[in-house]
Each structure stands twice: as structure tokens, then as C-alpha cells.
Amino acid sequence: MPAGVPMSTYLKMLAASLLAMCAGAEVVHRYYRPDLTIPEIPPKRGELKTELLGLKERKHKPQISQQEELK
């Protein structure tokens, strides 16, 4: 096994790591409960909290790298 660790110790660490990962995911999922409701009327533009503000209309031109200018 890696670094000379016995197989039993390796499997115990693997099991403990997986258990901790699953427990952490469960706690986070219970704390941040997803909103699974589906509205009958779709929300108007801008009402969704998940809408990215960076994708809206830009006020300035994006910078072009020097490599792209040379092409």
C-alpha cells in the first residue's frame, strides 16, 4: 500500500473519510434546503436570485489580450 501503510489501516482511513464526507454533505444539504417548488407562472426577468449579474449588459468593452490582437 502507499507509504508502507498496512491494508487494514488504509481501509479504516478510507472508510472514515467516506463516512465523514457523506455526513458533511448530509448536514450541509439539511442546512441549505433546496427550494424544490415549481411555480405555475415563470418568474419575470430579474426576479430569480440565481441570475448572474455579470451576464447582464456590460457598460464597457471586454479587454482583448495582445495575443488576440496579433492574429
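Cβ coordinates are placed from backbone N, Cα and C, and glycine is handled just like the others.
Quick look at what Swiss-Prot lists:
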type: TOPO_DOM; residues: 1-8; note: topological domain 'Mitochondrial matrix'
type: TRANSMEM; residues: 9-25; note: transmembrane segment
type: TOPO_DOM; residues: 26-71; note: topological domain 'Mitochondrial intermembrane'
type: REGION; residues: 52-71; note: region 'Disordered'
So, by DSSP, how many helix, strand and coil residues make up the topological domain 'Mitochondrial matrix' (1-8)? 5 helix, 0 strand, 3 coil
Check the topological domain 'Mitochondrial matrix' (1-8) for me and report the mean pLDDT. 84
